[in-house]
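Taken straight from TrEMBL:
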- 17-75: domain 'Large ribosomal subunit protein uL11 N-terminal' (DOMAIN)
- 80-150: domain 'Large ribosomal subunit protein uL11 C-terminal' (DOMAIN)
């Protein structure tokens, strides 16, 4: 239950914006510019903050960002690590998954790959309270739907 002070200090939210932006590549050009511009948010402040937060990732790594725009033209944002599908494609060395998952195998990854991906995903806000085992199971399920076979070790 929220206290009276928390209720009174809440800022009214204008919008919640979800974008996928390359790491270290936020510029006031599309897609960032139009998405933030319509809510009169400071584009350069977002670009500088986002690029500073994502400089530890390789350039052109797709980062999912959720921006909360407030009515007083201020904003907050959270950056999530790249999607599990992106990591699986990189680990398997493929451009896209199988056209017929379950019938045609696109590639294979090892359990070690899955474990490393799960360790990175555990830092995400939505996964921080999940066990490493359950994150691994989720990633294995994602790999199966992409037509990527998970093996104990490569022969």
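Here the Cβ of each residue, glycine as well, is placed from N, Cα and C on the backbone.
Any TrEMBL annotation is an automated prediction that lacks curation.
Each residue in the domain 'Large ribosomal subunit protein uL11 C-terminal' (80-150) has a pLDDT score, and their mean in this model is 86. Mapped onto DSSP classes, the domain 'Large ribosomal subunit protein uL11 C-terminal' (80-150) shows 35 helix, 8 strand, 28 coil. Residues of the domain 'Large ribosomal subunit protein uL11 N-terminal' (17-75) grouped by DSSP class, helix first, strand second and coil last, total 17 helix, 16 strand, 26 coil.
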